[in-house]
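Features reported for this protein in TrEMBL:
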type    : residues       : note
BINDING : 10, 15, 92, 97 : Zn(2+) binding site
């Protein structure tokens, strides 16, 4: 939802690479249709990602909706991959579009959403620390007790 508010600013021209600043570039692979990671624009990467996440959530064998149906053995691995990739969208927004977020007066919404996301992934150790490096400074600011 938050990405949708800045999607007009995140175009093939403005974001030809999915990145989180100059040091972090993300390539897309879903392991099924695209096995070898490909370099693509941020909007294309995010479109691939959101479609892939929805497909995972709709897969009854991965996310059973019936009581008593067990989760697959690889559930935790899939969940971690989903969250790692969703983090990349936050990282892209913060690094490439935060000025637009401020113009739209959405920084409080973005920060609150991201803070909840980070507390959740930290509580259950769902994203490796090295993946969080692009936003480490912000994470520290948002998660310190006196803030």
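Using the three backbone atoms N, Cα and C, a Cβ is placed for every residue, glycine included.
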Residue 92 (Zn(2+) binding site) CB neighbourhood, other CB atoms within 10 A: 25
Spatial neighbours, same chain, of residue 15 (Zn(2+) binding site) - Cβ under 8 Å, 6+ residues apart: 41, 42, 43, 92, 96
